[in-house]
Every structure is written in structure tokens, then in C-alpha cells.
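K.L.:
This is the structure I have questions about; it appears just below.
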Amino acid sequence: MSEAGEEQPMETTGATENGHEAVPEASRGRGWTGAAAGAGGATAAPPSGNQNGAEGDQINASKNEEDAGKMFVGGLSWDTSKKDLKDYFTKFGEVVDCTIKMDPNTGRSRGFGFILFKDAASVEKVLDQKEHRLDGRVIDPKKAMAMKKDPVKKIFVGGLNPESPTEEKIREYFGEFGEIEAIELPMDPKLNKRRGFVFITFKEEEPVKKVLEKKFHTVSGSKCEIKVAQPKEVYQQQQYGSGGRGNRNRGNRGSGGGGGGGGQSQSWNQGYGNYWNQGYGYQQGYGPGYGGYDYSPYGYYGYGPGYDYSQGSTNYGKSQRRGGHQNNYKPY
């Protein structure tokens, strides 16, 4: 078990004005949020409450439930194993389950995991300790708390011809799915023209589910792509959870380069990317798995298999960083 002295990166994406980010339906539902941290070192016994199942089963089964004995542990070395993690925390109390989240593509640790104590008092003991070190790294344990998400009623529609369809045509098409509360048609302030995307808010959540049954829709001859829209703050957190997966094979939209986008023209990509930098955006890919978790100090929102600490930048308009650990891990 080798030491990993380098920090594993976290980075926030830029979004400022009136912003909503468009994300896939998978992110909706319940989440989790993390609270303050603590320290230690130890040796362990097998998890007594998990003898009939694989490690992590109890944690996974209760992912949408409050559990006073559950902790999130961030900042782990890629070399730290589940046994190492369990051995360390056993000195604070009986550990009934333990898991480290792995990237299914690389088989490598994503640098964070979960501990489930039999007794909630063990969590307080962990938090009472000021610093925790494991495998040469300062780690950051936090309480795991369930957090219910608001119903999603707003969608992003990208790939539209800015000249058409008209607002009336957009309302006519999407009104078939349910009652529309509002339609936003963002403008290019320099050209004083519409951009190639809109936001639609329905009065209920059900129409959003219906619209998302198809990824692409054709409105007045324009093939458009549909995503769930949500506030930029949530989107920024979500970026680190489902990770670089959203951009992994995409170009730098903000600079008008590359990127798929379902056949949209480069000029649309360019305009869309510029507007994203003002507070709008959307992410294509999504790790399934643990969508809906929100460890907000770390931004592990919706941590799906695509997350990797080495996937530094995840927003369109910035180049990706790949490779090993980097010294800009910023949990707060």
C-alpha cells in the first residue's frame, strides 16, 4: 500500500447570470449532503452486520434514507482499500459496512467512500478528532444526511434555429405534453437576436418526464435536444459527481470547437457555449449508479461511475485535464 502525497483535484465551473444548467433526468430525485469533519488510526474486525452480503450492500440499500451511523469519507488515496478504511475507523466503534466508490471503466478508486457504524455515537467520536490521516493523506469524514430534491419542472431545449420556430410554435409543440407556465427565449445582447436554445417551465413535473422519454425532438424542422434544467449551483455540484463523463468525448463548446451535440451546427455550438458562460449550460453524459447524492462541500452530486478526480475541468469552454493527481483539490 503506497502513499499518495498529491492532492486529487476538485474545481468549480463558471456560471453567473440568471443561470440554470441542463442535466439529464437521472439527476432528479433524492440527494445527500455532507457536514463537518474529524481524525484517527486503527485495526478492525469483520463487519458484523454484513456477513450475508457483499461489502457496501447495507450502505447502498439505505442510500435514500437517513442513517445516523453513516459517514462519507473524502480525500482518500487511490491506494486505500476497503480493508484499510474499515481498519482505520474501527477504533471509533463497530463498523457494520464499508465501501469505496470505484470507476467501473478503470477499476480505480474515485477517492471517496462510505462507512456505516453500528452506533451513531461513533460518528461523533470521529468528528471530535480534529485531523484524520490514512495512507499518508489527510482524509475528510463527514456525516451523511438525506436531502430531498425539489420536483423538476423546467427543461432546456437546445439545437433550435434562432430564426424559427416562433414562441407560439414552441408553445404549441411542448404544450402537448402538459400545461406550460413560462418560456424563456435567451437573447444575444450583442446581436440582439435569439439564441439557439430555450427554457420551458411546466406547471407540473409529469410533462418533463414525458418529454424526456425522447432525447431528440423535431420542432418546426429543427432537431432539438432536451435536458432537465436546474440552478447553476446544483449543476456545479453535480459536475464532480458524474464527473468528466459529461465531456469526456466532447470538444470545447465555449470556443466553438468540436463536440457532438446531436448534429447541431458549429455556429449553434458557438453561440450556445458563449451563453453557457453567462449562466446556462447542459451536460450530455451521466453516470448512473448513485445519481441524486449531494455531498455539497465536495460537490459529489449524483456521483456516478464517470467520476474521477483526475477529470479536472468539466465545463464546456475549458480544456480538460487528464492524468494523475493534481494539487488543486478544493473541498470548500
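In case you wondered, yes, glycine gets a Cβ from its N, Cα and C as well.
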K.L.:
From Lys149, Lys153, Lys203, pick the one Swiss-Prot annotates as SUMO2 cross-link?
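P.N.:
Lys203, according to Swiss-Prot.
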K.L.:
Swiss-Prot annotates one residue of Ser48, Ser242, Ser265 as phosphoserine; which residue is it?
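P.N.:
So the answer, going by Swiss-Prot, is Ser242.
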